[in-house]
Protein chains: 6
Amino acid sequence: MRPSGRAPDEMRAITIETAFTKHAEGSCLISFGDTRVLCTASVERSVPPWMRNKGTGWVTGEYSMLPRSTHTRSSREAARGKQSGRTQEIQRLIGRSLRAVVDMQKLGERQITLDCDVIQADGGTRTASITGAWIALRLAVNKLMEEGAIKEDPITAKIAAISCGIFQGTPVLDLDYDEDSNADADANFVLIEGGQIAEVQATAEGATYDEEGLLRLLRLAQMGCADIFKAQEEATK
Amino acid sequence: MRPSGRAPDEMRAITIETAFTKHAEGSCLISFGDTRVLCTASVERSVPPWMRNKGTGWVTGEYSMLPRSTHTRSSREAARGKQSGRTQEIQRLIGRSLRAVVDMQKLGERQITLDCDVIQADGGTRTASITGAWIALRLAVNKLMEEGAIKEDPITAKIAAISCGIFQGTPVLDLDYDEDSNADADANFVLIEGGQIAEVQATAEGATYDEEGLLRLLRLAQMGCADIFKAQEEATK
Amino acid sequence: MRPSGRAPDEMRAITIETAFTKHAEGSCLISFGDTRVLCTASVERSVPPWMRNKGTGWVTGEYSMLPRSTHTRSSREAARGKQSGRTQEIQRLIGRSLRAVVDMQKLGERQITLDCDVIQADGGTRTASITGAWIALRLAVNKLMEEGAIKEDPITAKIAAISCGIFQGTPVLDLDYDEDSNADADANFVLIEGGQIAEVQATAEGATYDEEGLLRLLRLAQMGCADIFKAQEEATK
Amino acid sequence: MRPSGRAPDEMRAITIETAFTKHAEGSCLISFGDTRVLCTASVERSVPPWMRNKGTGWVTGEYSMLPRSTHTRSSREAARGKQSGRTQEIQRLIGRSLRAVVDMQKLGERQITLDCDVIQADGGTRTASITGAWIALRLAVNKLMEEGAIKEDPITAKIAAISCGIFQGTPVLDLDYDEDSNADADANFVLIEGGQIAEVQATAEGATYDEEGLLRLLRLAQMGCADIFKAQEEATK
Amino acid sequence: MRPSGRAPDEMRAITIETAFTKHAEGSCLISFGDTRVLCTASVERSVPPWMRNKGTGWVTGEYSMLPRSTHTRSSREAARGKQSGRTQEIQRLIGRSLRAVVDMQKLGERQITLDCDVIQADGGTRTASITGAWIALRLAVNKLMEEGAIKEDPITAKIAAISCGIFQGTPVLDLDYDEDSNADADANFVLIEGGQIAEVQATAEGATYDEEGLLRLLRLAQMGCADIFKAQEEATK
Amino acid sequence: MRPSGRAPDEMRAITIETAFTKHAEGSCLISFGDTRVLCTASVERSVPPWMRNKGTGWVTGEYSMLPRSTHTRSSREAARGKQSGRTQEIQRLIGRSLRAVVDMQKLGERQITLDCDVIQADGGTRTASITGAWIALRLAVNKLMEEGAIKEDPITAKIAAISCGIFQGTPVLDLDYDEDSNADADANFVLIEGGQIAEVQATAEGATYDEEGLLRLLRLAQMGCADIFKAQEEATK
């Protein structure tokens, strides 16, 4: 039924290549099937002006798609002179999600920027970004702890994200581009290891859905994230 | 328990003043307590370039807060030279929500722009905007039908939005600013008359929530929207 | 002779609703007939960088038209990414006019920003803005004096503005949109209670005018402002 | 009494060097004392989109100060990425003034852009710009008529501008920078040969002025413009 | 003598991974040591407005560094709202270089955009970009020819680029970051297979150089490019 | 053979009018035939933030073409809201070139900005800018030394620039616009008195060139700069 032949609750293959770039304090190239995102964590001693001299840190995210990561070339946001509303919405989501699992007191007065650059897009780029950003963050914080810059681990839990949707009437897990562009409803879940929800963004496209539909999508997401947490564990141990 | 003394499932007073401005094809000043938003619907014959000559219409939303709608003055986006990520996120949500209840074939090749300008802010400005925008849209479409420009009603249902949140451990309906800035979780629901969901955006702030929490917020939202649909009916009949 | 049936020296009805919004230190919704402008005064402790540590204050103005305040919708300046030349010209005029009646020493090191947002436009929005801004300023300064933040009243006089023009050969007072768009000459006067002139901006449109014409317009403006000063007095006492 | 030793009704020396640049259809370098502005008229066959296919023309102005035309260097507007409110105000004034003496039907469907670039500033740059722009326009139109592109002269009259002000209590003609920065009132007059007024912009700075003051400034301007019209005649014959 | 221990005329290892992304008509990830650039070629049927309906094509380049491709994080150009002068200079060079080896008549009315995105920077990113862009272009043109869209090969020759410099008095080939930031002179050569020069950009940094120095750098570049042409041949056959 | 009738190694007439504007610490209007550039040097006590409190100075360049300096009018960069890639490339070159002959320690903590504004363009505007900028710099530094603000001369040598190219197969010196727009190759040389090279930028246009061609162009440039150094000497003594 699914264009890819996957079962409704079957995710695409996840691969994670850590230390993909050498300058960043933490980095990985994460793939969900053909979706590939380069996530880097950069540690800086300075925090935004409104946070200075409070001894607490900050975590923020940035997101971009390379112009030809998509089927047809998109114009470069730097050339257009501004980031699209979609880009800003996604980078706000990335930052908010990662901050949900960081204790800013323990991080101390430093900022970690998570850059998520989409190398190739095939659906689910924002959820892959959040998932990969956690790995880059984990690696960067490990480095800070090894160097003795941080005493106690500021990361309180794993966090991961996955998209689900209702495709031709059936709830399915981990939408690829073909499904995403034809889904009746599309939901992104950001979940914390242990069963808590950090964020739900569920949108009807054309059709609408009801309470039952929302719950079924949430349960698929919980199944998917269980697998993702294992992959994160493996990649960062 | 609530700063305002309201019961957990008690909304603020809703007032709707239609035809607040004379030039727009539809307009209202909608208030949820001290939150006041001016919503106008403007009908134009031209649609965006990528939609031309297809005989179908488009509905889009714009959102802005007046600089001193808030407790302390915010700088004017026009003066800064760009709209914030928050503004863009909200206006995308307004447009998407309203499009969920419009049949673009029946609308014909015309665009309706829903401008939501916040006169005074006290929490819930985006949900008040969606609710008020539907009224402005309804009035503008009524006008088009009275003029004979449109034969069949393109609006398929009422749509309304409300925010809920977990405040000091209790799920509460229709957050005001005092609650919103201290809530553990904050969710905006866009619901369609008849029980369908158009959009859910639920975010943990500090704490997180679980499936049970999400469901309880959804049920509060369903109660609140039932009242809002009545107010919309009254205002537009 | 006038489209509205008014006598040449007859102004439109003026209504002033003070405290229209609750957050601003001073605010009013001022109407000249169908022209309605929301004016708010915001007091901030910081002054522009080049004025710091001198113990003197600053008064500045900002102006905007809501997209559908006009007959046909105008695009939103924040979306276009810049303010038009007309907007900048008007907000410079508002700030300059109000500064003409404020003693910056007595104001002390604080800035008052006068936001003039046009809710509905029917000619004369800049003059209504100046007139309403004075009221908002008066209310904000009253508040500062009641709180004891300011000892001596920094406002030296009332200031008001009105447009006059030559319409079909006849000098007329307080142009509405129908007149404004067809006038031979159009002049905005900013007058100070007591007979002084703060600013004259008189422009020929199509036809030109001479010294005699300029004087007749000035005298109409003086008559009109006499009434406006009374309305300001009433609104702020 | 005046810093320059001039009599109250004495203008600075005016020099006009026509054909200062070779590419423009009309050009001059105009000086009022140390104020020097390069004015060029560029003829293009295309008019703005909203004027096309109507057979009528358009005249517009642009204005800029070279970064070091002033006492201390100002940052370059192109580098800052936007034109200041002052620049926009002045270029709107230049265009409006010149259009007051052009018959757009006779000009035919072509646009003439008047670029006024201030080489050196010592007060009165906007009025020198208008005065010089008329010369550049006259030369460009002469060229079009010599080439037979235009049959009837579209220029209906000479137009010139001059600033006057109240300096230490005395009305004076043609303010230089020292006077301008200390004047009590400052007025720019755009006058048409024959006694008509195209534009008055009179502003109180610190002090205010009254009807009598306005009239005395207007009469000084009329005296000054009489001399300027002679200089324009001489330069373009 | 060189920080890397390389001989003066020794290049870094070149690796080329073609088809690195699946959507682009041509793509490669090219590495010169630790410098890694993703180059993609995107074919579009539309050309810039000024070239339409002439039957000839266009080749253009864009360049960007990922924020953390460098030792310390650089701010994202899309977030800053403009491309730096350096970025614009480089992308002009990429486009100009590639156009030097394309027959625009044979390409036909289509545009090929070469996006060069630096994944990791260690000196020589602009020369790696040009070299990799040729490969992406070659692959994209091969695809057009296989599809029969183009009859005759529009690519007239191979083109490659390399940087040379004078480091501690010695001319060296293929500068890495450590050398580049301390070189006395720095030159980028764009050479065409067969001995022709497309572009030379040679700059003294601190010290200067003379004719002899320039020639020695050119000869090193010729040696380096001979190897690069082989690598290009291998990668695209 | 050359459109101007000049011999291949013949430069255009150079004229230099120093002190062309009165406010700048140093200024000249430099002409190479019909190419005329106004160069001013502005001394400021502040240096860029990253250089503060180090006791060393900075020299930077800015470049602009007046809209009608060219054959057909170009739009104004300040109106477009950004500087073109070409402009940025040229102003980076001007700054880099002048810094090559200034000892920043001896200059002390001050910035000198060299503004090069093209009044009339006929080819070679960037090289005329560099040549004239040196004169403005020399005059400004002389002034600082006369005032005793600087003890030792920070200027280490003269620097000049000239363009050469291959026109109809022949290497020629000092291209004018007619030659520049039809040259097979075009090279800009920035040379230091005494035989050193500061910068070479050589580009093939259509055709390419080889080592021999590059050398012949360099030798023409050396001849031309010998004359320019004399003109600089004369103008500044």
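Numbers here mean position along the shown chain, with the first residue as 1.
Using N, Cα and C of the backbone, Cβ positions are placed for all residues, glycine too.
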_Starting from the phosphate binding annotation in TrEMBL that includes F:GLY124, F:THR125, F:ARG126, which of F:ARG73, F:ARG76, F:ARG80, F:ARG86 is the extra site residue?_
F:ARG86
*Looking only at F:ARG86, F:GLY124, F:THR125, F:ARG126, the residues listed as binding phosphate, what is the longest Cα to Cα distance in Å?*
13
*Mind checking how the domain 'Exoribonuclease phosphorolytic' (F:159-222) divides into helix, strand and coil residues in DSSP?*
16 helix, 31 strand, 17 coil
*asked:* Return the average pLDDT for the domain 'Exoribonuclease phosphorolytic' (F:159-222) as a whole number.
replied: 92
*Select the most exposed residue of F:ARG86, F:ARG126, where exposure means the fewest other Cβ atoms within 10 Å, treating these as the binding-site residues.*
F:ARG86
*Neighbourhood of the phosphate site (F:ARG86, F:GLY124, F:THR125, F:ARG126): other residues with Cβ within 8 Å of the Cβ centroid, in order?*
F:TYR63, F:ILE90, F:VAL118, F:ALA121, F:GLY123, F:THR127, F:ALA128, F:SER129
*asked:* Please give me the CB contact count at 10 A for F:GLY124 (phosphate binding site), counting all chains in the structure.
replied: 25
*Would you mind listing, in sequence order, the residues at least six apart from F:THR125 (phosphate binding site) in the same chain with a Cβ closer than 8 Å to its Cβ?*
F:THR35, F:VAL37, F:MET65, F:ILE90, F:VAL118
